[in-house]
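Q: Right, I'll just put the structure down here and ask away after.
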Amino acid sequence: MSMFNKIVKEFQWGQHTVRMETGEIARQAGGAVLVDVEDTVVLATVVAAKNPKPGQDFFPLTVDYIEKTYAAGKIPGGFFKREGRPSENETLTSRLIDRPLRPLFPEGFYNDVQVVIHVVSLNPEVPADIPALIGASAALAVSGIPFNGPVGAARVGYKDGQYLLNPTRSQLATSDLDLVVAGTERAVLMVESEANQLSEDVMLGAVVYGHEQMQIAINAIHELVREGGKPEWDWAPAAKNEPLIAKVTEVALPLLQEAYQLRQKSARSQKLKEVNANVAAALAAAGVEADKVEVGNIMFDLEAKIVRGQVLAGEPRIDGRDTRTVRPIEIRSSVLPRAHGSALFTRGETQALVVATLGTKSDEQIIDALAGEYRDRFMLHYNMPPFATGETGRVGSPKRREIGHGRLAKRALIPVLPKDDEFAYTIRLVSEITESNGSSSMASVCGGCLALMDAGVPVKAHVAGVAMGLILEGNKFAVLTDILGDEDHLGDMDFKVAGTDNGITALQMDIKVQGITKEIMQVALAQAREGRLHILHKMQEAMGHARTELSAHAPRMITMKIHPDKIREVIGKGGSTIQALTKETGTTIDIQEDGTITIASTSTDGMAEAKRRIEGITAEAEVGKIYAGTVLKLLDFGAIVNILPGKDGLLHISEIVNERVKDIKDWLKEGQQVRVKLIQADEKGRLRLSLKAALTEEGGSISPINAGEAAAPAAPAEGSEQQ
């Protein structure tokens, strides 16, 4: 009899067979599920603390998605040969899993929960993020931890008017859409997507299609729980302290209503601090001993009630706008004189300074991904220092949020970038958030597009982004355009839409409640389009098209092609030739395996010289041509003459002049410049040269050395070549 109570569920999901099992591996974890999708295998585990930490005032959920290099049959690089800090993909996937799980934990549950997903086997054609999300959901479901799941997920592609369920990497390469949707049986909770300027209807259809198709995975998790799930925790939220709620409401409600009439964020924030201090003082005076966490939760509920009530009643929003108005926009380009391109995009109290830098092929980011190494020619880095919100805090390496926001902005801009053969530069955008009050990632999209245009990148169209919010109470709802930070915090849905005049390029949606219908999403997307077009109009007014000239400080590039067999001649022994070339001409030279050479420099003369020298190095000697050569070495029977870089030939003593030559030193010396004709090249590459043939053809003459230096030949014949 086996020591394991192993439960296995298998189902067909589109073109893939999915296998889920629990009960054999990681049995001491709260829940553990192994998910296998066509040889991509993930182990998802969850552990929760039995009690919350004292004074805990938020839900401490941690999700760690970890790719093991052995999953792809690799050994890690570096000195230690171990997996190191999380890659960008691991960080983004951790966030992708966290977002749909977090809203499903019950209110008041403050126990530490850690979800860890290991990728232990990888089929390069099957991305591991969807199996990881399903595995995390299943592990939570079988653990018995308080969780209102399970969650399902699906990836949706779009090609030739048809939706694709969980497309392979090869299919994604030609798809117009890469959309991940996650949700429960009843509702969509999360959407993350990149699209090639698709319409709102196509995007909404993809969300609905994905939600329908994920139900088979949700049903399989239910079956797994029925057969192998652990008992549910005996947990209930703490009973509400009604006397405390009444006291806090009595003191705080009128003051909070005053605070939310203040339109300036700084003034409102200061007023809210005063309200909190007044509440604490009133409770102390009344002799009420209250937990700070409990009071904070009551205050949050009161703030949400005020803000949401105002919007649903048709009253002005926190900053005085109606539900459809975008905040005032100011745009300035070429902000930084030495940068290749820059733009300052300000929308209300959110501001992004975005800077574009152009580089060469050698500046591309080399990413050693689990599925294989690849190069990325477009980078977008998002930074939000604490001063952007008027706070002090840590400054250093980017946090998960910054990596996620940068990735969203990058997704939005990728579809409008020129192809590599149209614009060979490597591009780096950096978005410095200098002020933040909501929607800083979408400000990065707008500022990023303008910075690219300022740098002279021929983007296909302007791209703008807008953050939308939603407030839902029963059958009443309101969609908010261009939300503030407080509206994001107090609302039920935060979704960001970026795109051009023609369609959507990126969509990110996070829904905190169940009950958001297709119709509500349809209204929200239509209103988002209205806001996006308004912002696009402002951007087009500020900068109608990309600059036709690059910045004087940006490198120029020329591209040339050589035969791949000649690459080693250009590189030279130990890189000596190319190192000398780059140093002497002040250029950067990149050579591809197919023989494509890119020469970059801020000096056009330097580029021209580098190109001329490479052409000389790779030139083929042609029989019948006359060359300007240099005598390298004298022999008894002739001389070795260099006619091209790396191309030496024999000038036989009989080919110097028509008369008999007794001693070659009477006619030639080492270092002497001579005009010679290539008269023969054999299959081994040996060259035979003739000085007398060149003299005859060009009408020149030569005298013995003791009678003076060689006479200058006549003008070269047409078609001859001179180094």
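Cβ atoms here come from the backbone N, Cα and C positions, even for glycine.
Copying in the features that Swiss-Prot gives for the protein in this structure:
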type	residues	note
BINDING	Asp488, Asp494	Mg(2+) binding site
COMPBIAS	707-723	compositional bias 'Low complexity'
DOMAIN	555-614	domain 'KH'
DOMAIN	624-692	domain 'S1 motif'
REGION	701-723	region 'Disordered'
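What does the local environment look like for each feature on the list?
A: Asp494 (Mg(2+) binding site) carries a strand DSSP state (E or B).
Residue counts for the domain 'S1 motif' (624-692) under DSSP, split into helix (H, G, I), strand (E, B) and coil, are 8 helix, 36 strand, 25 coil.
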Q: Under 8 Å Cβ to Cβ from Asp494 (Mg(2+) binding site), same chain, six or more residues apart: give me those in sequence order, or none if nothing qualifies.
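A: Listed in sequence order: Ala467, Met468, Gly469, Ile483, Asp488, Met509, Asp510.
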Q: Starting from the Cβ of Asp488 (Mg(2+) binding site), draw a 10 Å sphere and report how many other Cβ atoms land inside it.
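A: Around Asp488 (Mg(2+) binding site), other Cβ atoms within 10 Å: 18.
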Q: Looking only at the domain 'KH' (555-614), how are its residues distributed among DSSP helix, strand and coil?
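A: Counts, helix then strand then coil: 32 helix, 16 strand, 12 coil.
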